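Here the structure comes first, spelled out in structure tokens, and everything after it is commentary.
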Amino acid sequence: MSAAPRIGILGAGGRMGRILIQAVQQAGYQLGAAVVRPESTLIGADAGELAGIGSIGVKLTGSLAEVLEDCDVVIDFSTPAATSEHLKLCREAGVAIVIGTTGMSDEQKAELDETAKHIPVVYAANYSVGVNVSIKLLELAAKVFGDTVDIEVIEAHHRHKVDAPSGTALMMGEAIADTLGRNLKEVAVYGREGHTGPRDRQTIGFETIRGGDIVGEHTVMFIGEGERVEVTHKATNRMNFAAGAVRAAAWVVGREARKYDMKDVLGLNDVQV
């Protein structure tokens, strides 16, 4: 790996893509490529000017295949369909990939797992350092409380977010379920209305809020008799997500082919709970 890895940004024309370009520059790494949709009117524009940091000499392109040779690793915050295509191209080129795309189907996740047998892949629903530390705290709380509490996950995002619950909320739920030896698909309850009957303590509840410009807020409640513990993470801007993804990209270059997550990047798997 070179001292300054060449990082490509996929979905560079979107809000997150522009922040990722800023994050690459702030970290002192090299922007290898910036890719937008093939039909985008932004093709040919300078990526730095688009991101508001001035000209950097990297032009936006609509073809990942044409610029992969300029990248040691790419960061993908696009759509599930686009990510599937990007995985194929990266596998063929032997280029590592960091994926922040949410809303992927089980079939698409299986494609990701297969690709990770051939190239290093980092996949996380949330690249914030704070969120990943929060998940470690959730594992500790779940281990201590066990079956003595009711568990609820509440998440809030801006009105434009199209998937619910958020990938981060599901990631939190999965961490708790795994710690308790449960299958999240079997115990998750999404919203409640009407006559629901008494709450089953084995379930993990999810509630979703959408409105305004909320960047991202997640609270997990461990509710017992006479006391309640809450673990909350609130994001006030998106740079923390971008900085974490760039950190993951620099970390994964040169690693062996397999699937990693932010706990690997941050060394949290070595922290015992």
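Positions of Cβ are set from backbone N, Cα and C atoms, glycine also.
Noted in Swiss-Prot for the protein shown:
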ACT_SITE  His157  active site, proton donor/acceptor
ACT_SITE  Lys161  active site, proton donor
BINDING   Gly11, Ala12, Gly13, Gly14, Arg15, Met16, Gly100, Thr101, Thr102, Ala124, Ala125, Asn126, Tyr127  NAD(+) binding site
BINDING   Arg37  NADP(+) binding site
BINDING   His158, Gly167, Thr168  (S)-2,3,4,5-tetrahydrodipicolinate binding site
For this session: In whole Å, note down how far the CA of Arg15 (NAD(+) binding site) lies from the CA of His158 ((S)-2,3,4,5-tetrahydrodipicolinate binding site).
Result: 13
For this session: May I ask for the distance between Ala125 (NAD(+) binding site) and Thr168 ((S)-2,3,4,5-tetrahydrodipicolinate binding site), taken between their Cα atoms and rounded to an integer number of Å?
Result: 5
Exercise. At the Cα level, what's the spacing in Å between Tyr127 (NAD(+) binding site) and the residue listed as 'NADP(+) binding site', rounded?
Worked result: 23
Seminar exercise, completed: Within the same chain, the residues at least 6 apart in sequence whose Cβ is under 8 angstroms from that of the residue listed as 'active site, proton donor/acceptor' are Ser166, Ile209, Arg210, Ile214, Val215, Gly216, Glu217
Exercise. Just how spread out is the NAD(+) site if you go by the largest Cα to Cα distance in Å among Gly11, Ala12, Gly13, Gly14, Arg15, Met16, Gly100, Thr101, Thr102, Ala124, Ala125, Asn126, Tyr127?
Worked result: 21
Problem set entry | 10 Å Cα neighbourhood of Gly167 ((S)-2,3,4,5-tetrahydrodipicolinate binding site): matching recorded positions from Gly11, Gly13, Arg15, Arg37, Thr102, Lys161 | Thr102
Seminar exercise, completed: Neighbours of Gly11 (NAD(+) binding site) among recorded positions Arg37, Lys161, Thr168 (C-alpha cutoff 10 angstroms), in sequence order, are Arg37
Exercise. Between Thr168 ((S)-2,3,4,5-tetrahydrodipicolinate binding site) and Thr102 (NAD(+) binding site), how far is it from one CA atom to the other, in Å?
Worked result: 9
Exercise. What other residues of this chain sit with their CB within 8 A of the center of the CB atoms of His158, Gly167, Thr168, the recorded (S)-2,3,4,5-tetrahydrodipicolinate site?
Worked result: Thr102, Ala125, Asn126, Glu155, His157, Lys161, Asp163, Ser166, Ala169, Gly216
Exercise. Given the binding-site residues Gly13, Gly100, Gly167, and counting only Cβ atoms in the protein chains shown, which has the most within 10 Å of its Cβ?
Worked result: Gly100
For this session: Sort the binding-site residues Gly13, Arg15, Thr102 by C-alpha distance from the residue listed as 'NADP(+) binding site' and give me just the closest.
Result: Gly13
For this session: Starting from the Cβ of Tyr127 (NAD(+) binding site), draw a 10 Å sphere and report how many other Cβ atoms land inside it.
Result: 27
